[in-house]
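According to TrEMBL, the features are:
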{"type": "BINDING", "residues": "Thr29, Val193", "note": "pyruvate binding site"}
{"type": "ACT_SITE", "residues": "Tyr120", "note": "active site, proton donor/acceptor"}
{"type": "ACT_SITE", "residues": "Lys150", "note": "active site, schiff-base intermediate with substrate"}
Amino acid sequence: QINLSVIHQYVDYLVSEQNVKSVFVNGTTGEGLSLNIQERKQLAEEWVCQGKNKLDHVIVHVGALSLPESQELARHAASIGASGIAVIAPFFFKPTNKDDLIAFLQKVASEAPAVPFYYYHIPPLTGVKIRVEELLDGIKEQIPTFQGVKFSDTDLLDLAQCINKNERENFAFLYGVDEQLLSALAIGADGAVGSTYNYLGRKTNLMLQAFAKPDLALARKYQFLTGEFLNFVIKLGFGVAQTKAVMSFVSGIPMGPPRLPLADTSEEFILKAKAKLNSIVWPDGD
């Protein structure tokens, strides 16, 4: 079951300990697509409420397999004052071309006409491989609120073409493959949305600062160390359940088990992941 009571503590932890001031609610790590509509609404409300005067942005993912459900979630997000909404491509009956996908996205975006809209591109999970470069061509005419993309794919050529072709549009490109963030920044990504920033947000912010200077050698150190941890846990089997376990032991906030069909994390994984994370010596001496 969802546990709304920890969100107040969660917000404070992200802001004070991780220097993270923007959140993406009901996405992959939050198991948004395993929750029912009522649960998703309750979570969105709680994040917006607890984030008031503390968080800069609360973007709510409102994608669903059912168009009416997605539209209902979009209307709800607008009514509670979300800073933005995002939508994943439907992934059971899939759009086979960009026009069908845009038609779906437009029907959802139009239900929240004053709220910035993001497309959530995650082909490894949706199987929808329509290139974002194609999708963005003329998208503003069909979706006036279109603001950008949460780009969770390793295809940096597609991302680079998006950024290159849409410079004047001021679209935001938020990268979602944490272990490759520095590569995405180098070609012009504006920011990141990812699960590791729950517990490595401060380290990632230091990497962003180093990149902005630019001190690429220091930025690479942070990226390589994040990669070293992720490479280690991926070999053990790393998914949403394991992410919750890592966040729980790092933050001290009980993130709870995942919902079936995901299985809970083993004690063995927790011990190994904790030891690995503790063994890493970061450039800032922590």
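Even glycines carry a Cβ here, placed using N, Cα and C.
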Alpha-carbon spacing, Val193 (pyruvate binding site) to the residue listed as 'active site, schiff-base intermediate with substrate', which is rounded to whole Å:
7
Tell me which residues of the chain lie with their Cβ under 8 angstroms from that of Thr29 (pyruvate binding site), as long as they are six or more apart in sequence?
Ser195, Asn198, Val240, Thr243, Lys244
Given Tyr120 (active site, proton donor/acceptor) and the residue listed as 'active site, schiff-base intermediate with substrate', what distance in Å do their CA atoms have, once rounded to a whole number?
5
Take the Cβ of Lys150 (active site, schiff-base intermediate with substrate) and count every other Cβ within 10 Å, whichever protein chain it belongs to.
26
